[in-house]
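Beneath this line is the structure, given in structure tokens, with notes to follow.
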Amino acid sequence: MLTVTAPAKVNLHLEVLGLRSDGFHELAMVMQSIDLADSLQFTNTADAQITLRCDDSSLSTGADNLVLKAAELLRARSGFNELGVSMYLEKRIPIGAGLAGGSSDGAAALVGLNALWGLGYTAEALESMAAELGSDMPFCVAGGTQLCFGRGELLEPVPPTAEGLAVLLVKDPLVSVSTPWAYQRCKELKGKNYLEGEVAFEQRRRDLREAPWLQPLRAGCPPPLRNDLQVVVAAETQAVQVSLQLLQTLPTPLAVAMSGSGPSCFALFGDQDQCDQAAADLSPKLKAAGLKAWACSLRSDGVRIAS
């Protein structure tokens, strides 16, 4: 049996630049892996069947699941149609949370099955396959701190931080946000201000590459945590409003923001002790508001084989 960990991500920067010719939004982002992670277990089978079970009954384990899509794609590319696997997913990342849980699980399937089946694909080849399945999936393969451009699939690594930065995540377990809805609503509300053309897009990419807070990520020059979807989603999602308000009452965070398309929100701290203390201090108010919380350190890697 093989086990792969699949970490969540937060967006330290999410800038919606404009619309591409293919209808997708052109993005300029900084994504960061954190140590809240799912676990995907693999067992070889001799029946050419690919199956998935999960400890969370609310998650579909049918053909729409990215784990199965990734497994089918990898087997098809290998040409070895006799390969089979039984997979078991332990969910720890909340579903529909803006934390790339599904994408990370799909990336874990690519990495794990590449090893289990002895296919020998490089990380770059796996990232390329991941991009066919989801915009966040290449990042989940690579992990750490990455500049993410295009739809999010074009990666440029950022120097790893030597500091023990941490995040306090909060989410209402009863609320999820549709990513397509969030981007459509963003276009409706902000489309008239979108940039147009590759020259304008590249200037914003260059500005982000040269941002002083990425040289490297550190507490002394914290990221401003821009998220262009935050104002759009928060306006229509009370759970996001409440989460941000509670996090903003804390005395020591470096910055506060929503992650991805939400509804998860987080506060960034200079070290894990401050983060843990904030989680303890805020716990009664979070419980009263029906919010769950996770105090997480930052990771320098993406999905990884654990055993």
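Note that Cβ sites are derived from N, Cα and C of the backbone, with glycine treated the same way.
Per Swiss-Prot, active site is recorded for Lys9, Asp136, and the stated evidence type is sequence analysis. Annotation source Swiss-Prot lists ATP binding site at Pro94, Ile95, Gly96, Ala97, Gly98, Leu99, Ala100, Gly101, Gly102, Ser103, Ser104.
DSSP assigns Lys9 (active site) to a strand segment in the three-state reduction. By neighbour count, meaning other C-beta atoms within 10 Å, the densest spot among the binding-site residues Pro94, Gly96, Gly98, Gly102 is Gly98. A gap of 8 Å separates the Cα atoms of Ser104 (ATP binding site) and Asp136 (active site).
Note: the CA-CA distance between Gly96 (ATP binding site) and Lys9 (active site) rounds to 13 Å. The two recorded residues, Asp136 (active site) and Gly102 (ATP binding site), show a Cα separation of 9 Å.
Gly102 (ATP binding site) carries a helical DSSP state (H, G or I).
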